[in-house]
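Working notes for the structure below.
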Amino acid sequence: MEKFIDNLSPMDLMRSEKMSLVQLIIPVESAHRAVSYLGELGLLQFRDLNAEKSPFQRTFVNQVKRCGEMSRKLRFFKDQIIKAGLLSSIHPVVEPDVELEELEMQLAEHEHELIEMNSNSEKLRQTYNELLEFKMVLLKAGSFLVSNNNQAVAEERELSENVYSSDRYVEASSLLEQQMRTADQSGLRFISGIIFQSKALRFERMLFRATRGNMLFNQEPAGEEIMDPLSAEMVKKTVFVVFFSGEQARTKILKICEAFGANCYPVPEDFSKQRQITREILSRLSELETTLDAGIRHQNKALTSIGYHLTQWMSMIRREKAVYDTLNMLNFDVTKKCLVGEGWCPVFAKAKVQEALQRATFDSNSQVGSIFHVMDAVESPPTYFRTNHFTNAYQEIVDAYGIARYQEANPAVYTVVTFPFLFAVMFGDWGHGICLLLGAVVLIARESRLSTQKLGSFMEMLFGGRYVLLLMSLFSIYCGLIYNEFFSVPFHIFGGSAYKCRDATCSDAHSAGLIKFRDPYPFGVDPSWRGSRSELPFLNSLKMKMSILLGVAQMNLGIILSYFNARFFHSSLDTRYQFVPQLIFLNSLFGYLSLLIIIKWCTGSQADLYHVMIYMFLSPTDDLGENELFWGQRPLQIVLLLLALVAIPWMLFPKPFILKKLHSERFQGRNYGMLVSSEFDPDVEPDSAREQS
């Protein structure tokens, strides 16, 4: 609601729009529509008249909570759709908006249905996993057990790999195997189960330590992955069988299994019973697979139906929440049954705001219209620059550094040219510029389609700056032609070089032996400079001096803008003690340096500008000698140096003292008396405690 949008009426690019403080008195029955229409218009910024109240003390807090709850449900639906992998296959549809109460009921029904389906699916999946693990335990553990007439286990297989290398463990395991082969049936027991493959090694160590080696541990990979119900990922598991003797050992082993998350399943010793249980499990697994597939199809169908409307519902909820947040900024008059609001409005938009209020009154069938009138403002209005698709990105770049004061000159107007051009001075390569141009053209050509899609953070930034990229690419091509660089390779674009070899012994890669035989290269840098011995000194000097010229021009532009601001606000103080000394100081030093650079380029002089600028401060009266570029340079330098020295105190000291003096004169003659309350002295008038002036 607080963001102004583009407007097609004529705009003043140089300065921010004139603003008015307006008051709105809106009947309760049309308040929602009025705020909604004003939000679509985007030309009114409301002030918070309930700043002293907490969010829970405001009038429409319940509606905001309801919107927040519905937003939570929509996020839940989106997560479920993404989890099911249906987001890319769902194309949103646009339908008329439904009422908030009706939408709330629909969302509650969908949420209840999805939660119930998820709960049932989770239970079925857990049962399926348990049966699948039981089947694996029966198949793998059966190879460890050989039953014969209810006799004790007569055959065991040793561990495939002994993880404990100590002799004590080997001797204990061998002794236990001998005891188990000769033990009575009543003295030998076993526990079978399944555990995560990553925990099997630690699990075996813990069992060995807890039973002091009085056990035999057999394990084998399950052979297929099982879905973990907690992480919903496929994991590898290992089937194990632990042989032991005694009830105490059984208790310890069961506790360790519980601690490691191992699932234990009873495996009968009789081979026929194992086969019978396996057949029953396979039958139940087949039924559960059919049920799970049907449940997934039903859930996907429900999620697809929700996905068609998800984007529209999310947009509607965001809009409704913004409306109620704005209504909470208005004062609610219970006696008159109306809402009173204040806000800043551009002068040109008054008629549009009144039209939106009238339309809201008509659409809500209200018997009383909204009242709109302009108020006198004491505080400074907010700054509002109208933008369009082209200028919006440049305005955001300027606002990132600082927002201009109300009615100040707008730097974004000049940034439209200076920002992409300064980038091109650095980037200058017409090969890279063409690539950048193609990308910008694609973004602009698909503007209508991309503006309605949700883009990532990086693509959204590129799309927002598509016109910035366009000018960057065009200026980069221009500067690249000047630098004669195509992917850092020089080309004879505008004719042959002005230099040629003196004889057949000179090389094309070096400047030695090259002589100038015709006029300079018609446009840009001569390609013969590339690869020459003086390439870096020449190009670096060219680019550095050109950067100085552009930087000084940019700083002068900023100072000139400050003059127009001072003139607009009728501030002669800023003109005399800020604009004039800043302009003198800048151009006495850096402006003079820019002049020397231009003269050196035009005359072809070999003067050392570093030497000139350094000795301008150290020895201003010395003879310049070979560094003299024009007649009268030495006295001019002395005058410019004196002007720069005078401009420093002129710029820093007068303005603060003058402002202090004006402030003192404004409050001269005002004093403060003691506050005396009439509660304690009835003879004292209340007005006597006020400020005397």
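Note that Cβ sites are derived from N, Cα and C of the backbone, with glycine treated the same way.
A TrEMBL annotation is a machine prediction, not a hand-curated record.
The model shown is predicted, which means the values in this text are computed figures rather than measured ones.
Copied over from TrEMBL, here are the features:
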type	residues	note
COILED	100-127	coiled coil
TRANSMEM	421-445	transmembrane segment
TRANSMEM	466-483	transmembrane segment
TRANSMEM	546-566	transmembrane segment
TRANSMEM	578-599	transmembrane segment
TRANSMEM	636-653	transmembrane segment
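Long-range contacts of the transmembrane segment (578-599) within the same chain, counting only residues at least 6 positions beyond its ends with a Cβ under 8 Å from a Cβ of the stretch, are 545, 548-549, 551-552, 555-556, 559, 562-563, 566, 605, 607, 609, 612-613, 629-630, 636-637, 640-641, 643-644, 646-648, 650-651, 655. Same-chain residues lying 6+ beyond the ends of the transmembrane segment (466-483) with a Cβ under 8 Å from its Cβ atoms: 389-390, 393-394, 397, 416-417, 419-421, 423-425, 427-434, 436-437, 439-441, 443-444, 447, 493, 523-525, 539. Mean pLDDT, taken over the coiled coil (100-127), works out to 90 on the 0 to 100 scale.
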